[in-house]
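Quick look at what Swiss-Prot annotates:
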{"type": "REGION", "residues": "1-21", "note": "region 'Disordered'"}
{"type": "COMPBIAS", "residues": "7-21", "note": "compositional bias 'Polar residues'"}
{"type": "BINDING", "residues": "Cys364, Asp366, His546, Cys561", "note": "Zn(2+) binding site"}
Amino acid sequence: MSHANSEETMMNTAVAHPSTSKAKADKDILHTQIAQACEQACQAIAPTWPLDRAIAVNPHWSRIGMPVRKVAARMAVLGGIQVFPPRNLQRQAWDEGRVSAADLAQTLQQLPEAQAAGLSPGDCITALHSEPALEHLPLLIDVLDNDPNRHTRLSWRQAITHQVSQTCAAYFDEHQADWHPERTQGLYAFWRETLQHDHGIGLLMGLPHIGQAIDALPVTAQDAERWVLERLGLPQAVWADYLESVLLTVNGWASWCAYLGWQAKLENGEDAHLGELLAIRLAWGALLLECKDDKANDQAFVTLQRAWEHAPLLLLAAERALLVDEVWQVALEIGYQRELAAKLISAGKTAPGSQAIEVQAAFCIDVRSEPLRRALETAWPGIQTLGFAGFFGLPVAYTPLATQARRPQLPGLLAPAMEVVDSIISAEPEKRNADAALQSASVRSRQYRFAVTDQWKAGSRWPGAAFSFVEAAGLGYLGKIGQWLWPGLQPRSRDDLAGLPARHQSICRPHLIGVGLEAKIDLAARVLQGMGLTRELAPMVLLVGHGSQSANNAHAAGLDCGACCGQTGEVNARSLALLLNEPEVRQGLQAKGIAVPSHTVFVAALHNTTTDEIEGFDLDLMPEDARARWQTLQQVFAQAGNQVRRERSPSLQLDAQASDDALLEQLRRRANDGAQTRPEWGLAGNAAFIIAPRQRSLGIGLEGRSFLHDYDASQDTDGSVLELLMTAPMLVTHWINWQYHASTCDPQRLGSGNKLLHNVVGGNLGVFEGNGGDLRIGLSRQSLHDGKHWIHEPLRLTVVIEAPQAAIEAVIAKHAVVKQLVDNGWLHLWHVESSHLQRYDHGTWSKLELEQA
């Protein structure tokens, strides 16, 4: 090459290089923007927990940074999801007088937006007879589905949802099938490979040439997201909204993937499944485009782009249209709040009793505890009840004896920091030398029984053996079927003891391990301070967890303790009782200024929320005088249980005139009935959370609708306990409240449908309604509706705190999540002092104007 040619080549290279670099830089920027939009969409999805650890979750949790009405508009336009109560439900409340003219007038006065819009009571009443004018933005799949030339028996949207859902079910299953897919390359790669071998999907969707399009799919999820989003030609400003709308078409599986991400973050890790699910759902739209001609594609792009150009305007229009729905939401809440305010003021004036307290009983804050606490206090003035989060402040995971089935026993917001295991502990100290040998024997016995059971059940999971298994084992299942058809009076079963020799079950006790004495003392001090039990302890202190009892119920964990991650509170109560009864721990507490009298004994117990019976644990460890007091309590428990069962009987369609024994028998049979879809109502009806001394709610009937947490501001000079209550239990109760709210307002999209049609997916992932569709999240219809009427009223939580205003404001200012909840209308916040109630509204307090209607 000549010198001139070399110089010319260098000049050309120098000229070309800047443009090449700019093109690459522009492409990198585009890819970054796409990744950011995908991440933003993924962050909008709230998690859902597996069936065996089911806890209630606000499905809009990731959107609380926006006002409720804005979220309602987004959900309607992007996902066809209803956030406020349906207008027919509100019309019924108005017609029946549940919402009064005074409630409506007070609401219009309370909402500045309603005043600015000039809404009158007449306007609001008229609006109840029509649906809000809302326009749903289409996705690419919707545009293609509307093509008049499409000839299939099933809409493409339905077919795609079914295919994606079945793929996810196979991929995530770890408990149901003995064969598991290869997961090392991720969900997207598994879906792509599955699709390549699915020769029936083309026939189902009327796309005989889809195989060629599948082969052209990008290899990675990131490339698929870029490939699709670049082709759609949508304005960048709406990318995240479009992608969120895509995820809402498979919201159930998106929520499951969000749970995997949530758990990974608790362990300081990352999880990519939600992004891969988004890529799968996006890629399906592009696949359909590959199967159509260019003219049809061009028309689809034009239609989609025109619709999404107006997305911001449609969202604003929806927000305006839903103002009336927000008015009726508040009016429904004010109708309840009037009665609540009157009760709280009257209770605050009641003088405390003078009888000496012989027993203190700490219950979970769960709304089902409130009627029983009230009944116990009525039955015997010598008992004082307390409200505390049902995990009793123990940040633990529990592993039953001879298993590796480690499970969290604390709120889903937290990660376990300590471990609880089972050990054989004899009651008599002189027998404890033999405990190690008994434990070894128990472990061997249990492992043997598990092995036999697993081999037996495996026969039903291999395809070739399924029918022969049914023929061979059919008669063996008649016993269980008989128990369901003719339910007996069996007590609540304890799965953690399954397979253990009966003679060892009573001395198999859960306890903390790996915790030094100083750490034990610190933990005990924190728990007692949180309960307000730092002085004047009674001779007996009950730690009463709670658990439900039902048969053949995939959602049984949802009726147990949410603070224990869908488990009963037994493990936490028993572990804490053992800890607080340790002499060395008590000595250490003395040094911290917490004097636990030597005669005080802590006793673990469990409230069966289905039958309202109380069961005690480790009673053989109690001294004689405590055993005598426990026997005295049995009559108190029976009397209180009778009262609560009679209160509950009308809502369960039981005979309220039946004898006490007959009512208890009916509830026990109900708890063992495998055909019973409504063993109890769980937390249906929940509407308030009261953080105050028990005196504030003592003696008043709160109808099992209030969470109750004891709190004495005079003992919390630095506000640290209040901060903990507003950032942990308040968030948990908010989650519960909004899951019930969401499942009532949109049972189709945010509820799990009909229990009678449920099929469990992957052993514990969730349920399908029938054999397909999206994974269903939320509560079943039978958990909210009695067949004629809704049992749950969709009210946002009213939080009532008896503490200095400055202390409450300090927590709000310090914690963004709390500020978002109160400022964006996700809950109501009241301050109570003496006989005065005040309402918090964006940094200001105003007198609660709730005159009786």
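Numbers here mean position along the shown chain, with the first residue as 1.
Every residue gets a Cβ built from N, Cα and C, even glycine.
On the structure: features taken from Swiss-Prot.
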residue : record              : DSSP (3 states)
Cys364  : Zn(2+) binding site : strand
His546  : Zn(2+) binding site : strand
Cys561  : Zn(2+) binding site : strand
Beyond the listed site residues Cys364, Asp366, His546, Cys561, identify every same-chain residue whose Cβ lies within 8 Å of the center of their Cβ atoms for the Zn(2+) site. Phe363, Ile365, Arg368, Ser369, Gly390, Gly545, Gly547, Asp560, Gly562, Ala563, Cys564, Gly569, His607, Thr609
Validating a neighbour-count step here. Other CB atoms within 10 A of the CB of His546 (Zn(2+) binding site): how many? 26
Long-range neighbours only, meaning 6 or more apart in sequence with Cβ under 8 Å: which ones does Asp366 (Zn(2+) binding site) have? Gly390, His546, Cys561, Gly562, Thr609, Leu683, Phe707
So what sits near Cys364 (Zn(2+) binding site) in its own chain, CB-to-CB under 8 Å and at least six residues off in sequence? Gly387, Phe388, Ala389, Gly390, Val544, Gly545, His546, Cys561, Ala563, Gly569, His607
Cys561 (Zn(2+) binding site), number of other Cβ atoms within 10 Å: 28
